[in-house]
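S.K.: Quick one: the structure is below, and I'll ask about it shortly.
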Amino acid sequence: MDLVLLLQRICDALFNSAIYSSLALALVIIFRSTGLLNFAQGEMATFTAYIAFVLLSGPQPRLTGGGLAGLVPGVPLPIPLAITGAVICGMAGGAVTERALIRPLGRAPDLALVNITIGLLLATNSLMAQWWGTGPRMFPAIFPSGAGQHFNILGARLRYSTVGVWAILLTVLVLLIVLLRHTRTGLAFRAVSISPSNAELVGVRVGPTLMYGWALASGFGALAACLSANSVLLEPNMMLRVLVYAFAAATLGGLDSPKGALVGGVIIGLSQTLIPAYVPFIGFELSVLPALLAMTAILLVRPAGLYGTKRIERV
Amino acid sequence: MRVDFGKLSRKGLLGAALIAAGLAVIPFTATTTGLRQSSQIVISVLAVLGVNVATGYGGMISLGHGVFVGVGAFATGYYVDGLSLPWLVAIALGALTAALSGALIGLPALRIKGIHLALVTLGLAIVFQPLSKRFPKITGGVSGTGIDAKFVSPSWWPSDTRMATAVYRYLFCILVVGIALWATWNLVNSRFGRGMRALRDNDTAAAIYGVDLVAARVQTFAISAGLAGLCGALQVVLVPFVSQEKYGPQESLVIYATAVIGGLGTIWGSVLGVIARTVVGAVGRAAAEVDGFGLIGEFLDLLDEAPFVFGVGLILLTFLFPRGLAGIGRRKQAAD
């Protein structure tokens, strides 16, 4: 086996790992607090990537979709600002979704929650296709990603963009930890995640706290979409496959464990690059299959994943 | 669950009579294309019914029934072309193949439940397209493949013009769908069906009363996949061309949405869902014709997109009528 090639593939895989970790974190934050798998997380994230795209391209009706042209600021924004704008819009969108669609349901059966998120997925997806077309769009790179722009590690190339994406992800993670450990809102969120009814009894306002959770999660989703839009090309179905990887990552790590999401994202990212490389039948396109099989196997054998809480049911 | 047979049958009879009248008029007014499209609408009831059996009666959320439609279509195409089997045998085997794949995929459903099963089946819906491209001999790879054998009317049929063939196919589809609806109705009201529903409501209690959980879950999933596969087989009857393009994840989700919007847990709901989809489609097309009006015009264009309308419909109905269109007139039951 060519070791340099293997190292190279690992370096390449780390980029995807960061994206999957980020989206998996979004899924875990929501699952932990509401016990709901947000199937629309990917589409909501893609939508924010389109918002970043609109902010980047300035007032060009052809690009922005006719109805939105009036809302765009007069000048194209620089990339960091555009992405920040998109993340803020994403957080607002997440908060609104929780307030308008999830909270009114109360303690609904699984089926109702699946219906809401699937409805959101379908509606958002075709809304994007209608406004921006189904064709892929070029999204500018955030970090220099030209031919020579990489670190050399034992003969393998570690691209600046990979390092940059991880730097952003880790920074945001530190912020998240500070938020959860050292603020009252974070404390409230942790209380609600453990037990909504007990949190309510000690005076935590459960509804608004969950809204913060949704905003946080959608922020992570938006970040994942904006950071990956350059490499996978921006199109309405962009995050559909990524969502499977992220779900696989979240399941592997344990659906209620943020640490698990991070570790799971890294493992799934590595396997998504390495398995197709060494198993010819599974080409690039079919690399969703191992992720799906892994996810199914984990749910069958060890539903709690690596770090998740084991659920004990009384009959 | 209390079922009021007298009231149900009167309402049901009226609805059935209206649908029958509508179906009877179509061959006299439509072109061959219109007839084919009507047939396609009729057979789509089967896929929706499949979701209904798994989710509505079996309590297993399936977001991936488009996969079984695809398996049924690919298999039927292969049997009739590759193996040169007669059409009726190929259709039956196609549905059976889908049922077997359903039983296989239903196996994880023995342990994976609720929202997690929804997740696995959604993954399945996403993986099906790239997977089917890997078997180009059967599926025609990326671009699909034509089926050489054509489903034509037998010799006793009065005429063999294009129109007569289209009418024959149309009536054949109605017959098959009618039989499937009748068989499913009997099934869900049989001992097996009662076990299935008991399983959905409380599996521990069902097991205590002697329902074999493993067998019931696998059989339910197989039957539901078989119904979807039958839909795929009839698609090949109507259009002798199979391609992975028709079986993307959105397709699966729209089938699911149709089943939920129509109403889960009633046979009638699946028919209602498809009728709603057809009506919404027609209204949407008409609305999309209206141009101009800036934002309003763009919104009207959106109504032509079935996924958009069904996505929004799914959300609205979950709030307004959690039991779907079929449940609108009915009193809320304590079990919910």
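Any Cβ shown, glycine's included, is placed from N, Cα and C.
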S.K.: According to TrEMBL, transmembrane segment applies to one of these ranges: A:37-56, A:77-96. Which one is it?
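M.R.: TrEMBL lists transmembrane segment for residues A:77-96.
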S.K.: Could you check whether the transmembrane segment (A:77-96) packs against the transmembrane segment (A:238-255) - three or more CB pairs closer than 8 Å, residues at least 6 apart in sequence?
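M.R.: Counting Cβ pairs under 8 Å, fewer than 3, so no.
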S.K.: Can you say which of A:6-29, A:108-132, A:160-180, A:262-282 has the most Cβ pairs under 8 Å with the transmembrane segment (A:288-309)?
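M.R.: That would be A:262-282.
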